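What Swiss-Prot records for 1-28 is region 'Disordered'. The transmembrane segment annotation in Swiss-Prot covers 64-84, 98-118, 423-443, 465-485, 504-524, 558-578, 580-600, and the record cites sequence analysis as its basis.
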Amino acid sequence: MDGTVTLSPAPTDLPPVSSLDAGQPTLPPEAPLAMPEQSLREGSLQVRHQRTSPMGIGLRRFYLIGGTLTATAVAVWVMLSVLWPGGFSVLEGCLLGLFVLLFAWIAMSFASAVAGFITVVARAGRKLGIDPDAPLPSLHTRTALLMPTYNEDPRRLLAGLQAIYESVAETGQLEHFDFFVLSDTTREHIGRAEEQVYAELCDSVGGHGRIFYRRRADNAARKAGNVADWVRRFGGNYPQMLILDADSVMTGDTIVRLVAGMEDNPDVGLIQTLPAVVNGQTLFARMQQFGGRVYGPIIAFGVAWWHGAESNYWGHNAIIRTQAFADHAGLPSLRGRKPFGGHVLSHDFVEAALMRRGGWAMHMVPYLQGSYEEGPPTLTDLLVRDRRWCQGNLQHAKVVGAKGLHWISRMHMMIGIGHYFTAPMWGMLMLVGIGIPLAGAGIDLAQGLPFSPARYWHGSSDGNAIWIFVCTMFVLLAPKLLGYIALLLNPRERRACGGAIRAALSILLETVLAALMAPVVMYLQSRGVFEVLAGKDSGWDAQVRDDGKLSWPALIRSYGGLSVFGLFMGTLAYLVSPSLAAWMAPVIVGMVVSIPVVAVTSLRRTGLALRRAGIFCIPEELDPPKVLVRASELRRAAALEPPLI
């Protein structure tokens, strides 16, 4: 695997080279790699301490866990001072248990965000000799860029790939790269369109013999199976593979630096970038990409700081050592029926864990810019994707106990599982918090006695309940505050986000909109958890990439029941006590207005109006990199062509 293999151009009129392929593939000679299925019942951790692990990684993790436990212990002690006087009921015990778990959850995020903030402000955390400001290194090995696709618009898809191809060519090192479109498309008319657009792309850029296309006849194991099929057939020609998503765009500069990082660090198995979300047009997409651009680095630098050489894999915009992947990332089929059994859905976490078990270092480089993706245009589209992620993360319950995994790899999976269980836990915490004063007050609903949860909690603890609420909200919102402070300290980023005042207004509006959507997300994530536990499979559909166009009937079908439930609960609370209704208002209002909120945030004109006002601006809009400009030009031109699908 010295990267010296030369690929000869493949004619475009060849029949399928394998019974594994459908349609008319155009492929290089095969160079198979064995990719054995890994056992979850056997195995051992090959290397405990990686050479590339940062100094003091043990102290970093001690800070994270120790800080989380200390903050949680203090909060629990104060909560006990609220609950203990006058006895300790079953409901209060439930409240305390939920509070411990949820406060520990947000305390860990807070501790990680603080570390990320310090790293960002200090401009530290650079790894593996990858310096974005240094001259572009020269490469010595071959790398394959893989773009899996599933029932996507081929013109839109290959416009992004063409922009990447041209950007790599501008580095002067195109000879070190080949590009593969790996289709799992099941709709025949889309498959034929893919072949046509692929041929047009090769003619346009002179990519024959360097850009290849393959569609699987059987798309078993979804994306993981798609990539594994390529590794088993062609991986021997390429020491590295860079995995893209259908909406991924990366600069040639960033790609070259990633490859050089792999060449210079032979014990590194994977390098994950931090993709910036771009090209949002709707209000929802723009608030998401603004939040990711301002708060995202704080969170990403924080986790990279304590992950060290045991980082995670997000499934795309990452470079992987092909041999290491083949040797250790062959996924087994999980025992049992769907949704917990069968093929591994959230394969990226598991592949990273197995590669780390095999002795390879896994790193994240959040400081390396030039990596981009797109977000869902509407809350509805986000929640559809989130339902699939929910099933994939809960499925990790069957993997987390696998033999030989590094404890940080297990922690990644537990965090993924916990993310979805926090939604029903927040709902239960709210209900129990209301139920305790209701039970203690002995309410007679027929008389409609005056009742105030706020007064109950405040009076029972000399204000400690209010103190807990304030501290909880501070810990919850701290990443936003830290992201804003970091933005203020970076003049270029601050100007690119509209300036200090507009950025502050953007954060305020994003926080309000997120609060209004939170009850909807909490309800649907909770429903997703219960559906998975009840055995309901999420399926696999193509994602919506362009602006959402949600009809009112669709909105009513999706959120009408939640709105009616919110009205019912609000009315019932008001009949008990207006103060109780006021206490529940933050949740009830979000439920009641879910239809108009989702409708307004799904509009392109709303998002663009705020952009003109300088709200939710990101640096990639003020000074877009050439690769994004080119991708947008190509996609606009493609949109003018006669439709193929």
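Don't overthink the numbers, they just go from 1 along the chain as shown.
Glycine is no exception: its Cβ is also placed from the backbone N, Cα and C atoms.
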If you count Cβ pairs under 8 Å, which stretch among 64-84, 98-118, 504-524 touches the transmembrane segment (465-485) the most?
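When the Cβ pairs under 8 Å are tallied, 98-118 comes out ahead.
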With Cβ-Cβ distances below 8 Å as the criterion, list the same-chain residues six or more beyond the ends of the transmembrane segment (423-443) that contact it, or say none.
89, 91-92, 94-95, 98-99, 101-102, 449, 451, 453, 456-457, 521-523, 525-526, 529-530, 576-577, 580, 583-584, 587
May I ask for the residues of the chain that lie six or more residues beyond the transmembrane segment (64-84) and have a Cβ under 8 Å from a Cβ within it?
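Here the qualifying positions are 92, 95-96, 99-100, 103-104, 107-108, 110-112, 115, 306, 457, 460-461, 464-465, 467-468, 471-472, 475.
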